[in-house]
Amino acid sequence: MLRFIAVFALVNCALAGTLPNDLDGRIVNGVDTTIEAHPYQVPLQNAALSHFCGGSIISEDLVVTAAHCMQSYTASQIKVRLGSTIYNEGGELVSVKAFKFHEGYNPKTMVNDVALIKLATPVRESSKIRYIRLADRTPPTGTPAVVTGWGTKCFLTCVSLPKTLQEVEVDIVDQKACASNEFKYGSQIQDTMVCAYALKKDACQGDSGGPLVANNQLVGIVSWGSGCARVGYPGVFCDVPSVRSWIEKTAKEL
């Protein structure tokens, strides 16, 4: 069911599967951008400093990501790089003190796919590091949005991983519309989800945990989908307004 597994892509991404150990970031048909344009974006890196997921910084020591990103790691195995357009160099590399994923996260249905990371060292805002506000309501269908992450500029045929941050423009598809007959997911789209869609553009293969931003607010967290940039299958995100109260509560506990 997770969208970010290369072998799924080779078999047209059947909507079933197990969680991968590493999730390498991909944006389909995106363009180069800079961290100054998206200073809330961060890459999560494992002990070998390999990129495995994205995230969004929301305060001096808190990063929001996807629950499914965190299943194979302990806090000591994760580092967060902030303030760099290049995923594996520059900026500030910060250790993780603790993290928690949503108690209601279900890897089969992908509901509540959200986690909160507490950094070991607080970071200050700058031109390259900015905290992003959590949206308190889901924008209506058709609202322009942007997804960012690190990865190939095309689907399957690109073998190299660009070091430069990528962005792709999409349109919001709210939960009701995404579950309608206009698209092909049906009842798989649940209340804690929001979708985004643009022809031949998408997040894919491990931009998991990264931001979906509209109106300068964090609207969604990259979660899952059927393949990447497939006609009739929007990208599916954890709906931030639906889990905002959990994020705020957990922020006080970490």
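In case you wondered, yes, glycine gets a Cβ from its N, Cα and C as well.
Taken straight from Swiss-Prot:
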type: ACT_SITE; residues: His68; note: active site, charge relay system
type: ACT_SITE; residues: Asp113; note: active site, charge relay system
type: ACT_SITE; residues: Ser208; note: active site, charge relay system
type: DISULFID; residues: Cys53-Cys69; note: disulfide bond
type: DISULFID; residues: Cys154-Cys158; note: disulfide bond
type: DISULFID; residues: Cys178-Cys195; note: disulfide bond
type: DISULFID; residues: Cys204-Cys228; note: disulfide bond
type: DOMAIN; residues: 27-252; note: domain 'Peptidase S1'
type: SIGNAL; residues: 1-16; note: signal peptide
type: SITE; residues: Asp202; note: site 'Required for specificity'
Rounded to the nearest Å, what's the C-alpha distance separating Cys195 (disulfide bond) and Asp113 (active site, charge relay system)? Just drop the number here, would you?
13
Shortest C-alpha distance to Ser208 (active site, charge relay system) - which of the recorded positions Cys53, His68, Asp113, Cys178:
Cys53
Just give me the nearest neighbour of Asp113 (active site, charge relay system) among the recorded positions Cys53, His68, Cys69, Cys178, Cα to Cα.
His68
Can you tell which of the disulfide-bonded residues (Cys53, Cys178) has the fewest other C-beta atoms within 10 angstroms of its C-beta?
Cys178
Please report the number of other Cβ atoms within 10 Å of the Cβ of His68 (active site, charge relay system).
26
Reduce the DSSP letter at Cys178 (disulfide bond) to three states and note it down.
helix
Enter the number of other CB atoms within 10 angstroms of the CB of Cys195 (disulfide bond).
27
